[in-house]
Amino acid sequence: MTDKASSISYNEYHNTEEDDTHSEVAIATTTKQGNGLCQRIIDSFKRPTASENTSIEMDDLEQGKNQNNGNEKDTNDLHRTLKSRHLQMIAIGGSIGTGLFIGSGSALASGGPAALVLDFGIIGTMLFNVCMALGELSVVFPVSGSFAVHSSRFLDPAWGFAMGWNYAINWLIVMPLELTAAGLVINYWITSINIAVWITIFLILLLIINLFGVRGYGEIEFFMSIIKVIAVIGFIILGIVLIVGGGPNHQYIGGKYWNDPGAFADGFKGVCSVFVTAAFAFSGTELVGLAAAETSNPRKTIPRATKQVFWRITLFYMVSLTLIGCLVPYTSPRLLHKSSNYDASASPFVIAIEDAGIKVLPSIFNAVILCAVLSVGNSSVYGASRTLCALAEVGQAPKILAYIDRKGRPLSAVTLSMILGFIAYINCANVGTAVFNWLLAIAGLSSLFTWGSICACHIMFRLAWKAQGHTLDELAFVAPFGVWGSIYGLVLNILCLIAQFYIAIFPERDKPSALAFFQAYLAAPIVLIFYIVWKIWKKTPFMKPSTIDLETGRRVLDTEELIAEEKAERMARPWWKKLYYELC
């Protein structure tokens, strides 16, 4: 009995000893893994080694020597991790935001339903040509900075400097505006909590998203765009039902608001005033070109993404805004007496649903508006950081902004964008509204300058391409309307700037004043100051077609072989897939 007890005691002792040993090993392993994870996180913020570079830098003069069938040996550190699905949804729903959901209400009040549809249609046709031109340039030169850098190459380095900073400042200002807008949207449900609390929450959320790099941006935009697209399609179906009398009150609406109070709110001046609102609503479309340097296969994904623009303009803007013009009169008190430009309760989409007597849906649509606001805020960090990083790489911004870590994040530029997000807290003070009006004035015309520059770059590219002995057969993607489409886009951009100048001098429903002029047109003199200062300081030359550099950063592709492969691929598809790819 004693021997048995001793045996058991001995075995228990050794089992306990083994368990303790295993536990110590497990703890040591876990600690090592924990330390390893922490170390990897810390190391991810360091500069990458040469072997970790995965993207494209325009400035790399040796890049052309390292090309092999279009696959470059890159020296820039941005990661090409955006997939086709990311770019497709960014193109379709990326710029659907407060401009459409809320800004269209002020446009309707200013111009009436006819001016709303007319102006958005004109801007839409212009933007289609801008995106086609940008697609052609981005496939040939999928470089960091995209159109900001293209302006330096094809037009004038001084104009590239002005355009790059114009675009970066636009997004840097949009960031705090969208944070404020998100807080105001929450006020639709909760008014007892200070807006500063919501600004803080959303600022932290955007910071977390951007710590995941371009993949985080792409994934968030993918799912946000799906939500926005579903919401707009759902509203179109609902709007048609309401117009024909299928709502809870069974009232046939038809086109009665086009007759009473009328199609136009303020004649020619009303039409002119809607152009800038329309431009703001479409802003962000050009982000597809900016993302080219972080796309895994720009030759295939960029052309397909730019084709989506036609459907977004036609379906999501033109159809939905036509329905809004039928469902909401431009004399609606809620449109005219909104508390701010970001008052979600003044959204014509929400007003149309509430006027129909539908109870729960307004809250659901308000949640969609919140998603749209945060999506634009996310895009603003991406757009500002990538543009600032590209400017720093070519010596047009402080060199520290060119810092890119091992995860492909332009860390310094992202940090600057997040810091400027703190401007949103100004709205907690009494001077908040006045400050934000001036910030909006600085960024107000940014999109028109950007789009006009893209068209001008495309025109100069085509002239240089021909002057230096190249043919269109060498291009993997060609803008459908060629140079003439870009000329059309450039002329319309200039006309929109003239229309806004007219409104700045003779403001709608107000007397002419210096205050009204600069709040409407401050962006133009700022761009000119940037251009003139850099032109005088650096003595930059105007670009000539015969001397424009068409080699640095260009993807050299065997176009004939690619066309043959794509034809064979198209022939192998079933008929429905052929139709889908032809349209999309």
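Glycine residues also receive a Cβ, built from the backbone N, Cα and C atoms like all the rest.
Because TrEMBL annotations are produced automatically, they should be read as predictions rather than curated entries.
What you are looking at is a predicted structure, and each value in this text was computed from that prediction instead of being measured.
Per TrEMBL, the features are:
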COMPBIAS  1-13  compositional bias 'Polar residues'
REGION    1-23  region 'Disordered'
REGION    52-77  region 'Disordered'
DOMAIN    86-542  domain 'Amino acid permease/ SLC12A'
TRANSMEM  89-108  transmembrane segment
TRANSMEM  120-143  transmembrane segment
TRANSMEM  164-189  transmembrane segment
TRANSMEM  195-214  transmembrane segment
TRANSMEM  226-247  transmembrane segment
TRANSMEM  267-288  transmembrane segment
TRANSMEM  309-330  transmembrane segment
TRANSMEM  356-376  transmembrane segment
TRANSMEM  411-432  transmembrane segment
TRANSMEM  438-463  transmembrane segment
TRANSMEM  475-503  transmembrane segment
TRANSMEM  515-534  transmembrane segment
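Cβ atoms under 8 Å from those of the transmembrane segment (411-432) belong to residues 45, 171-172, 175-177, 179-180, 183, 194-196, 199, 203, 206-207, 210, 380-381, 384-386, 388-389, 392, 400-405, 439 of the same chain, restricted to positions at least 6 beyond its ends.
Pairs of Cβ atoms less than 8 Å apart link the transmembrane segment (120-143) most often to 438-463, out of 89-108, 164-189, 195-214, 356-376, 438-463. With a cut-off of 8 Å between Cβ atoms, the residues of this chain six or more beyond the transmembrane segment (226-247) that come close are 89, 92-93, 96-97, 100, 253-254, 315-316, 319-320, 323-324, 326-327, 349, 352-353, 356-358, 361, 365, 368, 371-372, 375. If one looks beyond the transmembrane segment (164-189) by at least 6 residues along the same chain, the residues whose Cβ comes under 8 Å of a Cβ in the stretch are 98, 102, 145, 147-149, 151-152, 195-196, 198-199, 202-203, 206, 283, 339-340, 342-345, 363, 366, 369-370, 373-374, 376-377, 379-381, 383-384, 387-388, 390-391, 396-397, 416-417, 420-424, 426-427, 436, 439-440, 442-443, 446-447, 449-450, 523, 526-527, 530. The average pLDDT computed for the domain 'Amino acid permease/ SLC12A' (86-542) is 86.
Beyond the ends of the transmembrane segment (356-376), by six or more residues, the same chain brings 94-98, 100-102, 174, 178, 181-182, 185-186, 188-189, 202, 205-206, 220-221, 224-225, 227-228, 231, 235, 238, 242, 247-249, 284, 327, 342, 344, 347, 349-350 to within a C-beta distance below 8 angstroms of the stretch. Nonlocal intrachain contacts for the transmembrane segment (515-534), taken as residues 6+ away from its ends with a CB within less than 8 angstroms of a stretch CB, comprise 157-159, 161-163, 165-166, 276, 396, 437-438, 440-446, 449, 497, 500-501, 503-505, 507, 540.
Here the transmembrane segment (89-108) has long-range neighbours at 115-116, 119-120, 178, 181, 218, 221-222, 224-226, 228-229, 232, 265, 273-274, 277-278, 280-285, 287-288, 291, 305-306, 308-309, 311-312, 316-317, 320-321, 324-325, 328, 330, 335, 338, 341-344, 346-349, 351, 368-369, 372-373, 375-376, 379, meaning same-chain residues at least 6 beyond its ends whose C-beta is under 8 angstroms from one of its own. Under 8 Å from some Cβ of the transmembrane segment (309-330) lie the Cβ atoms of residues 91-93, 95-96, 100, 104-105, 108-109, 111-114, 116-117, 120-121, 124-125, 127-128, 131, 229, 232-233, 235-236, 239-240, 242-243, 253-255, 257-258, 260-261, 265, 281-282, 285, 348-349, 351-352, 355-356, 583-584, all in the same chain and six or more residues away from its ends.
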